[in-house]
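Let me begin by presenting the structure, written as structure tokens, before commenting on it.
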Amino acid sequence: MKSVIFTEEKNLQRQNPLQKSEQQRRNFEMPSPPTTTSLSVTQTINGSHSFTIKGYSLAKGIGIGKHIASDTFTVGGYQWAIYFYPDGKNPEDNSAYVSVFIALASDGTDVRALFELSLLDQSGKGKHKVHSHFDRALESGPYTLKYRGSMWGYKRFFRRLMLETSDFLKDDCLKINCTVGVVVSEIDCPRLHSIHVPASDIGSHFGMLLENEDGSDITFNVSGEKFRAHRLVLAARSPVFESEFLDVTGEEDRDIEVTDMEPKVFKALLHYIYKDALIEDAESSSSSGSSVGPSASDTLAAKLLGAADKYKLPRLSLMCESVLCKDISVDSVANILALADRYNASALKSVCLKFAAENLIAVMRSDGFDYLREHCPSLQSELLKTVAGCEEELSGGGGKTRSVWGQFSDGGAETNGRQAQTWGDINGGAERSQSVWVEVVNANGSGRNNNDNNNSDDPMAELED
């Protein structure tokens, strides 16, 4: 044994030192690490908002530093608003200029963004007054708004005397378009493989369960038409069914009589419960915008809205509200408003109130207005508050509200002439800024309408915190 070991050691010693070193290097050499890559992409998420101001002449005189605000709009995950100052923002200018600013209206810190403000030419010539950051290089980069309430804009946006004799003002109306580009950065990593996941098919599976009636354990009798269903499915979807079925034990197959619903409505209700979708007839139902009185209530979507309220199905309610919202018109809004109030459809009610306020004179002259006054007197004050732009209780109590409502509802040719006085009555002497009718139109995408000859380098632009 010793001689063998000695021989092996001798052989090792006889190896060439260079060969031995090369062999050791190969034995201990680590593989080189793989090369990876990543890409940082900085870009802007753009969105536009159009702000129409009706009643410019009434807006003048509200005071220096006081503004009219647009509705808020969302771009890049933040909310924004346009502030228009009819008498200017800077006391030193003595109301010689109008001011326009873009304000960060939601919580956020150090929001970096680009802006564009356009005062639209209403003559059709397309000579808009445009202040834009998008088409030129910024030496110091995008603007940074530090926190909620920070603003960017112009104290001297336009000389007021020139504005009032220009094509930017038409029919006592101004139109301002704003584009915001929020700066975002993200890492773009290459993905070598991807697997597509199809949309959920659970609705189709439960739908087959409803159609085949497999395992059904309850029967609904609706005006002589029978519907088989499954108590567990109904209970899982509706708290009303849950309390009715799961609190009762030891019962076999049951028959339930439904006396307050038509068969087609109950069928649409089950279709939603099992498939989480509106039945096709409900999606296309419409009162065609020309009806008054109760006809809007006769649509399948309207009746299904009542079923959603009865069985506490908020998602179904929103689906029906979305369908009915598309049918709002001057003639139908009063009835749809009453319907929304009856069935606790808050989103639809809000849209109806806003539409009625923006089209008040035309709505007052419709037969639907009489229907609203006769059948839903409790909605009177709510509509008046919306018209006045008040979020708080009206001062003066109900007597004042009824007095104003009487002035509105008597119709006739004098309604338009009485309009400014009535708004003042509603506000109880509040600031005249509330007497301006504001129409807001949201638009996704850039929505820009530039004229290169009117772009300016905006040396007077200001950033305020």
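Keep in mind that glycine also has a Cβ here, set from the backbone N, Cα and C atoms.
From a predicted model like this one, the values you see are computed outputs, not experimental measurements.
Positions annotated as compositional bias 'Low complexity' by Swiss-Prot: 442-458.
Applying DSSP to the domain 'MATH' (46-180) sorts its residues as follows: 11 helix, 64 strand, 60 coil. Annotation comment: Swiss-Prot describes 46-180 as domain 'MATH', evidence class sequence analysis.
Residues or ranges marked as domain 'BTB' in Swiss-Prot (evidence: sequence analysis): 216-282.
Sequence annotations record features per position, and here Swiss-Prot assigns region 'Disordered' to 12-40 (among others).
According to Swiss-Prot, the feature region 'Disordered' maps to 395-429 (among others).
For 441-465 (among others), the entry in Swiss-Prot reads region 'Disordered'.
Regional average pLDDT for the domain 'BTB' (216-282) in the model is 89. Secondary structure of the domain 'BTB' (216-282) per DSSP (helix as H, G, I; strand as E, B; remaining residues coil): 30 helix, 15 strand, 22 coil.
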